[in-house]
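> Below is a structure I'd like to ask you about.
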Amino acid sequence: MSSSIGKKCCPMLLLLRLLVQVVCSAASSLPTFTFQPAVLNELAEGKNATVSFKMDVPEAYLKPYEKQGPWRVELSPIHESIASVSSDEHLFSKNDLIYDNSTRFYTLHSNFTVNGKFLGKTGIRARFVLAKWDEYPGEDIRENTLDVAVKRGESGVLLTKIFVSSLVVVISIANVLMGCELDMNVVKEVLKRPVGPSIGFFTQFLVMPLLAYAIAHTVFTPKGLHSFALGLFVTGCSPGGGASNFWTLLLDGNVNLSVTMTFLSTLGSLVMMPLWLTLLGQDFLQGFGAGVRMRVPYSKIMSSLFSLVVPLMIGVGIAKWKPELAAKGRKMLRPFVIFVLVFVIVFGCIANTYMWRIMTPTALLGGLLLPWCGFMCGCFISIAMGRSPADVTAIAVETGIQNTGIAILMLKWSFPEPDADISALIPVIVACFTPGPLMLGAAIHTLSKRLKRRSEGLSLGKELNELPEKPSLEPAGVSYIPNQDEMHFIDRAHEGQEV
């Protein structure tokens, strides 16, 4: 009884099997293309690659069109700006085909050349059409596509390496000069009462990752831009960048607090980056393959700590044992910092010219929102916590400026090209456009300081002119000599009038 029941089969299962057989039968009756290599993912810009293909055409499919030959294989790129095909047509007749009696298939072997033009992903479509017109012989056609990935050319990679190497040198020099400006007693006081660093740590590792996650899901994910979304989220999880110390200096913020926060956030990123990437990073890995995992660049984080601390300590040592040399360094600090910031912006844009071609309004919007919203969040939170204006400046700048170098290196290590370069576009945009509001703030701050000095000088001069004349008790021909307090007042008035 039970065995007879076990032999019965569900009618829906029989229908499903029948449907699968029909689909497989229909698919086997269509022309198919096989490429070698199956995927072209090592093509560089300006380079060529030869791809072999085999076309199998069923005898039953070709028979109704034997008298309509010759035929051709048409090869067309999906995105011509990324890759092109040198020989896009292959004419052939029935005599060029090899017939296999066992499979009843006609086979054609040939090859074509793919030219890498620009960074990105595309595909080469192969179609079997009649030579006389641009139509398919039959109504049922299988789409055959070769996946192509184009990575950056050697010249672009070399220029990036030169930029990074020169950047390390100029930033190290700037950090030495910054060390001459540091007051280690103030740094110790900041660490004893770490209210400012605690606010900075909160905005850096709680506000910024959640802000990046929200922007990525709002701007990029709905449009299927998962590479951009991942790049933005990784940038938001990165620690504060060293450029924050330079901008804090130019904006007359608390440099000692800024340097302390940069050190602590870089140290804390050893734990906080893996935590956030494990919690929320997996949401952005669509389209990267099942075996892909994100690797935190611990060595890069440690090298960032090293490149920050060692030059600063050298500057501190110079200030302690060579105060005359430190005084000269402090005079050079602000002009050199301005040079470094201009160098980073200009040379960075030149070394990453590829980003201008693949930059879209959507990518620009996401890249701008992260740092600019970070500045505002850091500013408002520190004001709400009752911090001084100098501390507010330091915390706001530290929050908005990310260490994009760590984000870029992490993407480079975790994903193959060109996915790594496409994802890294967002950290590059963030790095290039972060200085926008800061330059505006620095210009306004400098102008306001000059106007304030001028008004103070005018007011001092007016007060000096309104002083009552002191009666002269000296003999005729002897001039009056002001006392020390009056001389100090006169000197201040002269200084204000000269501004």
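Using N, Cα and C of the backbone, Cβ positions are placed for all residues, glycine too.
Positions annotated as signal peptide by TrEMBL: 1-25. Sequence annotations record features per position, and here TrEMBL assigns transmembrane segment to 158-178, 199-216, 228-250, 262-281, 301-321, 333-356, 362-385, 422-444.
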> Which of 158-178, 228-250, 262-281, 301-321, 422-444 has the most Cβ pairs closer than 8 Å to the transmembrane segment (362-385)?
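So the stretch in question is 422-444.
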> Thinking of Cβ pairs under 8 Å, which stretch from 199-216, 262-281, 301-321, 333-356, 422-444 has the most of them with the transmembrane segment (158-178)?
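Maximum Cβ contact count belongs to 333-356.
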> So are the transmembrane segment (262-281) and the transmembrane segment (422-444) touching or not, going by 3+ C-beta pairs under 8 A with a sequence gap of 6 or more?
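No, since the transmembrane segment (262-281) and the transmembrane segment (422-444) share fewer than 3 Cβ pairs closer than 8 Å, they do not count as touching.
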> Sort out for me which stretch, of 199-216, 228-250, 301-321, has the most Cβ pairs below 8 angstroms to the transmembrane segment (422-444).
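It is 228-250 that shares the most Cβ pairs under 8 Å with the transmembrane segment (422-444).
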